[in-house]
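Remarks on the structure that follows.
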Amino acid sequence: MKTIIVFLSLLVLATKFGDANEGVNQEQMKEVIQNEFREDFLNEMAPMSLLQQLEAIESTLLEKEADRNSRQKRCLGENVPCGDFPCCGKLACEKTFGYGWWYKSPFCVKPSKG
């Protein structure tokens, strides 16, 4: 019974002094919050706002994406039908006897010497 009375008295004392500490903590928290709002207000007055920074980052990302998606047109290799697309390097688009009569289109071949 004596131990229960001791624990109850400790509980009452802890709750009483705990509330006093909470009041001090709440005052400190209010000061911290006010200081943070002051810093945020000063940050809003900065020459480059957060929105401008995000727009700058977005524009650079869009430029990189546009560069990545734009490819050079590919050329056609040897013995490939060449109707609308160009042939690579030293190849010429000519009608040949081998494939041309079957597919009825010119092919990329090495130009004949002569």
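Placed from the backbone N, Cα and C atoms, the Cβ positions cover glycine too.
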Cross-link partner of Cys75 (disulfide, per Swiss-Prot) out of Cys88, Cys93 = Cys88
DSSP output for Cys88 (disulfide bond) maps to coil
A correct count of other C-beta atoms within 10 Å of the C-beta of Cys82 (disulfide bond) gives 20
